[in-house]
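Asks: The structure follows.
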Amino acid sequence: MKRLWLVVTALVGIHVVLTIVHYQFQEIPWLFRQIFDVDEEDSFPTWYSASALLLTATVLWVQANLTKSQRDPMAPAWRGLAVGFLFLSVDEIAGMHEMLNSVTEISWAVPGGVVAAVVGVVYGRFLLKLPRRIAVWFCVAGGIYVGGAVGIELLTEPFLINDALDTLPYNIWTAVEEGMEMGGVLLFLNALIGHMTNEAPETVLRIKLGR
């Protein structure tokens, strides 16, 4: 897991350095900046984010299968989370959420925030059934992820309205936004693996990610 944190730090750090150099010192060709731009779909950071979300969806699916084999009534909830993370992984590459901006005047972040709130309410009982430490970490991870995806998106809306996307401040904010999203996913994945390690029977293969 530490290696994944290093990857996230490197991806966000490279974006920040290139952004500062480009806007403060020397213009950098767009084709070079694009592959390291956290706000671009055709970039290393986006590929990583989609992969991390897909990995989390896969681990959640394994957890759902384990709980189902133990006749645990929480299995459908785990399965629902797996499907949700799979959707987020696809959306990270396809950018489906941004299509809302072409059919409505309000930012996609508004309905996105509503959906996040509904999911939080629906999964309230699920969280209460988990060990408190795991539930807390899930909530922290979700709060960080939604705070970045929705909160920072709304905060930077004036940049879009004023046609100021090609500026240093906006591109620094995108680093904060994507960094929060990446960090939230890793916190969730770490808590999930910890929960599986503690709860799974001895015959189940334990999942290790560089630990």
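Cβ atoms here come from the backbone N, Cα and C positions, even for glycine.
Annotations in TrEMBL come from automatic prediction, not curation.
Features from TrEMBL:
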type	residues	note
TRANSMEM	47-66	transmembrane segment
TRANSMEM	78-96	transmembrane segment
TRANSMEM	108-128	transmembrane segment
TRANSMEM	135-155	transmembrane segment
Asks: Using a Cβ cut-off under 8 Å, which residues of the same chain at least 6 positions beyond either end of the transmembrane segment (47-66) come close to it?
Replies: 4, 7-8, 11, 75-76, 78-79, 81-86, 88-90, 92-93, 178, 181-182, 185-186, 188-189, 192-193, 195-196, 200, 204, 207
Asks: Which bits of the chain, at least 6 residues beyond where the transmembrane segment (135-155) starts or stops, bring a Cβ under 8 A of a Cβ in it?
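Replies: Same-chain residues near the transmembrane segment (135-155) but 6 or more away: 107-110, 112-113, 116, 120, 127-128, 173, 176-181, 183-185, 187-188, 190-191.
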Asks: Report, as numbers and ranges, every residue of the chain located at least six residues beyond the transmembrane segment (78-96) whose Cβ falls under 8 Å of a Cβ in that stretch; write 'none' if there are none.
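Replies: Answer is 41, 46-47, 49-51, 53-54, 56-58, 60-61, 63-64, 67, 119, 123.
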